[in-house]
Amino acid sequence: MSCEGCMERNNNSTDATMEFLLLGFSELLCLRVLLFLIFLIVHLVTLAGNVMIFMAVVTEPSRPPMLFFLCQLSVIELCYTLVIVPKALLSLIVVDGSTISFIGCAAQMHLFVALGGTECFLLVAMSYDRYVAICQPLHYVAVMSEGLCLRLTVACCLGGFVVALGLTVAVFRLPFCQSHRINHFFCDVPAVLHLACTQSYTPELPLLAACVLLLLLPFLLILTSYVYIAAALLHATSSVGRGKALSTCISHLTITLLHYGCATFMYIRPKSNYSPARDKMVSLVYTNITPLLYPLIYSLRNKEIRGVLRKMLRRKKIDQLN
């Protein structure tokens, strides 16, 4: 893309007055009402599922580390949907797309990347929890103390927000062309980078660095944890114990594969391979379907969360009877 239409960055024209146009699904005019209803239902079900898990864990007096991390994961998913979905729904109501300010676009990108990065780090903490539970069961209570879980959660949040801030600043310092039409339903990094007036690969370096810090390194740590877990399970003498250990890992592995699979496909690739239509469909799954699946997966596969949900429903029924 040539730089003929690059925006002037001077004292008379500040970034605060700029606006972007989110095209959303404006090309699917005949399906707007159907898509709006589907998105709205999925959004409401996702909110209800995550709120239920959050409330169930919060009201539980004794919370093991896995439930503590699940509670944090539910909060992240709640924030995730609230950051992305309202603007996506608005883009379906407005025929020609919805506008978003420069500051609003930067804030949305930062929150999206920060929450996604926090989730990546949190999945690492959860894999470490499984590693200690299976490979060092006698030391589990001492190692996975409440203080350590809290420190891990704070570190995950800080790590995600710091990396996201660096990436967002790097992206929005680029010169953008006169066309501010973002062919997406939110300010995703590849979609905004596509508007940059530069032919070099230098603007992609911050995205590559963020992918290494948020995707590659956490995934390698999770993989290392599961290598040790697999080795411990191979040496386990009891088939019942092996089955119970595997059942505690399946839900975490499923969430990890969903999260890292979509994120890797979206962000680890050159700018030349950017395809707006394909990216919107993958983002649709990434921001709507996977947050909906997370509560379902943990509710069905995790014995602890099922027990907590049953207790909460039992308490609610007793309160109603009283």
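Cβ coordinates come from backbone N, Cα and C, glycine included.
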Of the residue ranges 6-29, 246-269, the one that TrEMBL records as transmembrane segment: 246-269
Per-region confidence, the domain 'G-protein coupled receptors family 1 profile' (49-298) (mean pLDDT, whole number): 84
For the transmembrane segment (207-234), sequence-distant contacts whose Cβ falls under 8 Å of one of its Cβ atoms, 6 or more beyond its ends: 113, 116-117, 120-121, 123-124, 127-128, 130-131, 134-135, 159-160, 163-164, 166-167, 171, 189-190, 193, 242, 245-246, 249, 253, 256, 260, 263-264, 267-268
Cβ-Cβ under 8 Å with the transmembrane segment (100-128): same-chain residues at least 6 beyond its ends: 15-22, 66, 69, 72-73, 76, 79-80, 83-84, 87, 149, 152-153, 155-157, 159-161, 163-165, 167-168, 171-172, 182, 186-189, 192, 210, 213-215, 218-219, 221-222, 225-226, 252, 255-256, 259-260, 263
Leading contact stretch, 33-55, 148-172, 246-269 vs the transmembrane segment (281-300) - CB distance under 8 Å: 33-55
Contact set, same chain, for the transmembrane segment (246-269): CB under 8 Å, 6 or more residues outside the stretch: 66, 73, 116, 119-120, 123, 126-127, 130, 133-134, 188-190, 207, 210-211, 214-215, 219, 222, 226, 229, 233, 279, 282-283, 285-286, 290, 293-294, 297-298, 300-303
